Amino acid sequence: MDSRLNRIQSKMKLWIKDKNLSNPSIPLKVLNKSFRSSRQSSVSNGHGLYSLDRDETESLMSSHEASNAGISLDSSFRVIQVGQPEPQYGNNAVTNTKYDLFTFLPKCLYEQFRYFYNMYFLLVSLSQLIPPLKIGYLSTYIAPLIFVLLITLTKEAVDDLKRRRRDSYANNEIYTVNDSPCAAQNIQAGDVVYIAKDQRIPADMILLETTVGNEAFIRTDQLDGETDWKLRIPCSNQHTEGIVHADAPIKSVHHFYGTFTLNNQKRPISVDHTLWANTVLASDGVYGVVVYTGKDTRQSMNSSKAKTKVGLLEKEINFYSKILCTFVLVLSIGLTFSHGIKTDWYISVFRYLILFSSIIPINLRVNLDLAKIVHSKNTESDPNLPGVVVRSSNIPEELGRIEYVLTDKTGTLTQNEMEMKKLHVGTMGFSAESMDVVQACIQNYSTPIPLSEDSKTLVRNLVLALSLCHNVTPSKGHDGVVSYQAASPDEVAIVKWTSTLGLVLTNRTRDAITLNNNVYKILNIFPFKSETKRMGIIVQSPDEKITFYLKGADSIMQNFVKPSFWLEEECGNLAREGLRTLVVAKKDLSAEEYSAFSLAHSDASLSFSNSRDKKMEEIVSRYLENDMDLLGLTGVEDKLQKDVKITLELLRNAGIHVWMLTGDKVETARCIAISSRLVSRGQYIHTINQLSSREEAHNHLLTLRNKPDSCLIIDGESMEFCIGYLQNEFIDIVSDLSSVVICRCTPTQKANMTRLIQEKKQASVCCIGDGGNDVGMIQVANVGIGIVGKEGQQASLAADYSVKEFSHVSRLLLWHGRISYKQTSKLAMFVIHRGLLISVCQVVYSVISAFEPIALFQGLLLVGYSTMYTMLPVFSIVYDRDVSEKLVFLFPELYKEMREQKCFSYKNFISCVLISVYQGLIIQLFTFYLIGFEEEGKMLAVCFSCLIFNELIMVALQINTWEQTIVMSELLTLMMYILSVPFLTNYFELKFLLGLKFYWVSALILFISLLPVWCGKALKRKLKPSSYAKLQR
């Protein structure tokens, strides 16, 4: 064995030299490790599984090549015995929950005490256990903190229970495993699973056997975003025995390396034999053996771990809380030392810190959490958003701060339903309304529009070519209804269309196609490849004529057909309509011509060199792909979701950059970008595809810099190239474009691009998708929106918001997002204002009290001020509306204006602080001046009453629309205060409250306190009104 290993290492060295690899030691280590692993596997399993031959050496080479290309690949093979469960690889349970029974409390408490103001109040509360620092009652400080934590813990528990229920639904889906029913979560590696048609594949499997035919199709749009169905080949013709050697789990959905051994005969298996988890079987039932489960599946490895999202507003409030705390600390030290240095000065500092703790209000957390709940419930109860589900109530205000929307294409912007829309033959064009003319040509009866025989022949030839040049297989269901299976929905749409014209595909085998009762022999078939952008077939008709048919992208096909004056122009017309265009051509072959081609092609296919595919393509090009007869063009429409065009226009007008990230081909994405109006009419489209050098990338970016209004279409590999070499320049230029389309984009690339925008642009990003391949970016985004898809609910379950269709996004952002951000910001400002106001009064009282840290308000007054006396009016702000729904959608620019001005900005914060300081000084100083310092009962009655009424009037001055809830909260609070006064005899002098002096003093103080605020507001509306204020007029 060692001699064979040395021989293979020698070959590896030659291969390394050929590949110009920079680190030749890696593949030898990989080979040694894999050889040892395989040898141990052979001994432990009692099978002579590994005699390292050429195929295995190439497999190991490919493994390193994949690793060198950036695929994280461990070459330790896992051995799977068909039908023998392997519990050591773990179960197949899906989990999106954040907590379990043991981690809930510590994790939640950690999340809460990450907020500075919560930690601050915890320390303040604990300080009351130290006798020298005790001020008033312990419950005055500890009760609000406990209340805040209980509200938050309850909300988190409810949200996580909902996630657990959703996971339970997916985990308990029943499958037939080893001929017995089994829940999806209990499936293990080694199990043989039967998958029925249209059933979701629960784990990564190797296809063993098909029940009908010898091939299967899967839909992968929920995994990689590609709309084309994928052909899969069984590696056996039975499902009861065999051994699979598979490489370690990797992220790449396009690579797989392994072998399948049956009766001591070993054969290589590749990605063509795989059934990845979360894809859907599109053909008849199959049997597969499970290789990877749970977190080891491609789907899970391409998904980001769920994290607790924190809104930007929360971070801003946390920052300003630290500023206020610093101010409190400086103020406390200043007041302590302003009256001389005492031996116990530190106790005075701490007592001042506790007295002024209201500056950082503990109930800010409660108010914000309750506001989030209210906004979330309003969203869910919106009759214009049927089926919307708020899965995370932590970030409703983030909906109002979105700068970038990154959206998937398949199932999000489109319905993934293809429809034949246009046909172009020579100078004749046929739309959907005039297809009866085409049908008349096919069925040889008189056409509604007179056509010459030559024209009719051209139409027949084109339709016949479309009926034959495809990979579609008909399948009859149990109900007798015929369905079509293919690797491309375009082909299915075209075949369905030709069947309506009378050319019905009734049967297909590997060797023949049957149209009605006519059998056409398949001599050769050349499958579609993204690199070649075309698909061809050679058939022999019932009358022995041999014809080569070819269809593909216009950019490629124009090189193969005879010169045409109309081809380029008509292709451009169809593309501008957003249709997926195919050029169709044919070439008649004599028996001698076909024989010569067949011999040359066969010789090329037997080549063992790495250039075998290239040689075969050269033969096809030399013998077939030249001087072909142009038959015509087809235009297929990928139907858009409802109101997609309107929604995208609204988002753009709101100043939001819209990007489309898709796993689909460049041509397909380009068509959808045009048809959805993501690209405006006449807008310049710049395409970057298959970049190979830094100079080329730099030139592309230079072009884009000079054309900021253009749309960029770029493939995933080119994007990775730009990020790797020119990251800052790439992000700076691309982020300013009006629209960007990224094609051939993997789930990991989607998530990475989201992170880049967040980090480099410090912008809020909203990601929208409907498939499992979108989960990663949805979890990374500031706000993730999942659309309930036809193929599953993975994106919907992982998202913060779940909606039924893409058109709901505009309402979610422009209406609910704007309200949430604006009103929550205003609420936070008022809570801070309320805390500062009472703290300023306390500062004035301490100064007048010879700088002693004595409490002005204690007990019920201190607790009641921020709860039953002011909480309802202040909280009612969340129900205010500055403009109507109609105006928001008529003027989406309001969204952009609000986001750019920032509701919770330095300017607004400083304004809030100055107003609070001014009003606090006026209330406390004028109370002392007009009432006196000695009569504490009278002084407290006036001062506290002015604080309450000042807050009620301040709220009233800020209200734009007097909703019933707001009016009731003001009146109810006023009544509660009046009715509670008789119970405040320990603090107030009740006889004074009944006298005239109390009323005129209070009225005078309130007038002086509120007059500047009212005047400032009136002047601003007059001289520099905001856009919404103008609309209110």
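All positions are counted from 1 along the displayed chain.
Every residue, even glycine, has its Cβ placed from backbone N, Cα and C.
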Annotated range (Swiss-Prot: transmembrane segment) out of 274-294, 484-504: 274-294
Transmembrane segment range according to Swiss-Prot, out of 188-208, 965-985: 965-985
Outside the transmembrane segment (992-1012), six or more residues from its ends: residues with CB under 8 Å to it: 918-919, 922-923, 926-927, 930-931, 937-938, 941-942, 945-946, 949-950, 953-954, 957, 981
Asn773 (ATP binding site), number of other Cβ atoms within 10 Å: 33
Candidates Lys533, Asn773, Asp774 (binding-site residues) with Cα within 10 Å of Asp408 (active site, 4-aspartylphosphate intermediate): Asn773, Asp774
Length of the line joining the Cα atoms of Asp664 (ATP binding site) and Thr410 (Mg(2+) binding site), in Å: 8
Lowest local Cβ density among Thr410, Thr581, which the record lists as binding-site residues, within 10 Å: Thr581
Which of Asp408, Glu491, Asp770, Asp774, the listed recorded positions, has fewest other Cβ atoms within 10 Å: Glu491
Secondary-structure category, per DSSP, in which Asp408 (active site, 4-aspartylphosphate intermediate) falls: coil
Rounded distance in angstrom between the Cα atoms of Thr581 (ATP binding site) and Asp770 (Mg(2+) binding site): 26
